[in-house]
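S.K.: Once you've had a glance at the structure underneath, I'll fire off some questions.
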Amino acid sequence: MSNSTPLPSSFDGDTDFYEENRWQKLTRRLKEEPLIPLGCILTSLALVGASRSIRAGDHNRTQRMFRARIYAQGFTLLAMVAGSMYWDSDRKKRKEFEGVLAETKAKEKNEAWIRELEARDEEEKEMRRARDERRRRAEGRPAPKAVVTDAPAEEGEKPKGGVMEQMSGLVWGKK
């Protein structure tokens, strides 16, 4: 093969498997639902305030901080529920898009695999022809005048596209 680009291999890693990295996903989620991190921060601040008041021995402040923690957690839960209701249709569309994207990538990978198999088959045929030619030369026999390897069954019939199509014809009895 004179092509300088290597053939795609079925053993290659799928480099486009992840569309967005973790940092991009985190920033997207923070932009979509900014109230959830706010609720988490408020809960953490209430817990820090409660632990400081426990160390100081202020029971009234400790009780207020624990109540603030409960309110902050309730706020966080409400933000989560409201955000999930608001972004539900967007998530469904995103999942549908990712499904279509995965399907097209699987088709492309399958087509690349078939092209690779066909190219390997052609290379094997070339190697077989060269080996037969060397064998004939070594034995001193002349080469046959007309060697047809991929001739159609009838003159009016055109050869099919590739190995997989020919094999499917054999399997399903359409030869």
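Here the Cβ of each residue, glycine as well, is placed from N, Cα and C on the backbone.
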S.K.: What range among 4-37, 106-139 does Swiss-Prot describe as coiled coil?
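M.R.: So the range that Swiss-Prot calls coiled coil is 106-139.
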S.K.: What mean pLDDT does the predicted model reach across the coiled coil (106-139)?
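M.R.: Its mean pLDDT is 92.
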S.K.: Could you tell me what the rest of the chain brings near the transmembrane segment (70-87), counting residues at least six beyond its ends with Cβ under 8 Å?
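M.R.: Beyond its ends, the transmembrane segment (70-87) has Cβ neighbours at 32-33, 35-36, 38-40, 42-43, 45-46.
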